[in-house]
Amino acid sequence: MSFETLNKSFINGKWTGGESGRTEDILNPYDQSVITTASLATGKQLEDAFDIAQKAQKEWAKSTTEDRKAVLQKARGYLHENRDDIIMMIARETGGTIIKSTIELEQTIAILDEAMTYTGELGGVKEVPSDIEGKTNKIYRLPLGVISSISPFNFPMNLSMRSIAPAIALGNSVVHKPDIQTAISGGTIIAKAFEHAGLPAGVLNVMLTDVKEIGDGMLTNPIPRLISFTGSTAVGRHIGEIAGRAFKRMALELGGNNPFAVLSDADVDRAVDAAIFGKFIHQGQICMIINRIIVHQDVYDEFVEKFTARVKQLPYGDQTDPKTVVGPLINERQIEKALEIIEQAKTDGIELAVEGKRVGNVLTPYVFVGADNNSKIAQTELFAPIATIIKAGSDQEAIDMANDTEYGLSSAVFTSDLEKGEKFALQIDSGMTHVNDQSVNDSPNIAFGGNKASGVGRFGNPWVVEEFTVTKWISIQKQYRKYPF
């Protein structure tokens, strides 16, 4: 199926052209070819979408568990039936390899599968004992209302569905704005899937627009009860300021400076395998990506030798070639930012073990070794195929280095002693730590989220149910109650 025609906003069940008079070309990052051209929606259209979503939500909240499950099942079916075409569109739009794009679609479908398991949580009633004679206490779980959802360019379909599916499963409505660079895989394919599934008009509205048109409209509109955002910590702080003033809930997955620690008793070959994947999947453009490789001095030389040898063999180029491992960065701005980081590291005197190069819009891998944990490169979220290896004198120093960052999203540790690995993991101040694995892990039934400057809230069942619903206490006095006056 061709998805290039899905270049309009989806508002109130209709494909609606933007009224701004402005358009945005959606480009293939590898060759800059135009995939399609989107017309951008206005701030007024966004306001209308929130009004529509609010009205639609009141009816959707009355839907049955079976109704919601059926919609999710049909949306899943649409994605599965169009699997190959969707994978190719994700690759073309994001610059992600076929490997990455396949993983992304599989994760998206898994989110829908999991969402079907908790549609019955809505409307659940729990009776709680009362110390007042004749009183019955009931706690109801109700939809939260309208959700404002904003997703990034890197894993657009997965990170969009992570908010949209639970919202719909739990009786909410959604106004969703994908990054315009990945508007199709991050927005309109999802809208098409739910249109196919028979979701009532207005429950999901997908806005193709940009900040120039809508400003902070996704944040300041009084209708949404929760802002779900995945992106930079800087933007997350801005959202926090606005949401805090309005007492809105937030679900924020933000930046990361994720450590990958290799202890003295680690299987170095296994650690290298994990580090190669966890550093270079999607060219390093993932919030959970390995940002610092911290290696115990006893295995440091062996690790560096084996890691750099593997890096030099990674195939790069056109992301739609199934053999490619390292594809293009998303845009020129990201390339320039990466090159600036590289030049600064060179200026700082950090040893370059593998020197990559720019080939068109592809940046081949760079590996810096012997970096200080306080260096600029070690304290910067790289979002590029740049590896930084740091030597640790002891396990405790590795822990201290791992925690020496404002971020706390994901982390990993390699050791042959699993008990020691688990104890190490508990000392890392991050939302997620993986023993004998790399840092890029996700599943729809775990508590996904970060600590410190890496976010607020948790995705994954059952934690997401708490995020996207509200509880209400209703007490029923069944017999006359005596009052003190």
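Placed from the backbone N, Cα and C atoms, the Cβ positions cover glycine too.
Per Swiss-Prot, these features apply:
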ACT_SITE  E253  active site
ACT_SITE  C287  active site
BINDING   G231, S232, T233, A234, V235, G236  NAD(+) binding site
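Structure with Swiss-Prot features highlighted.
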| residue | record | DSSP (3 states) |
| --- | --- | --- |
| G231 | NAD(+) binding site | coil |
| G236 | NAD(+) binding site | helix |
| E253 | active site | strand |
| C287 | active site | coil |
What other residues of the same chain, not counting G231, S232, T233, A234, V235, G236, have a CB atom within 8 A of the CB centroid of the NAD(+) site? F229, R237, H238, I239, L254, G255
If I take the alpha carbons of A234 (NAD(+) binding site) and E253 (active site), what is the distance between them in whole Å? 12
So G231 (NAD(+) binding site), by the Cβ count within 10 Å over all chains shown, scores 20
Sort out for me which one of S232, T233, A234, G236, E253 has the most neighbouring CB atoms within 10 A, since those are the recorded positions we care about. E253
Recorded positions near E253 (active site): from S232, V235, C287, Cα within 10 Å gives S232, C287
Please report the distance from the Cα of C287 (active site) to the Cα of G231 (NAD(+) binding site), rounded to the nearest angstrom. 8
Taking only same-chain residues 6+ apart in sequence, whose CB is under 8 Å from that of V235 (NAD(+) binding site), what do you get? F229
Just to be sure I understand the packing, how many Cβ atoms besides its own are within 10 Å of the Cβ of C287 (active site)? 28
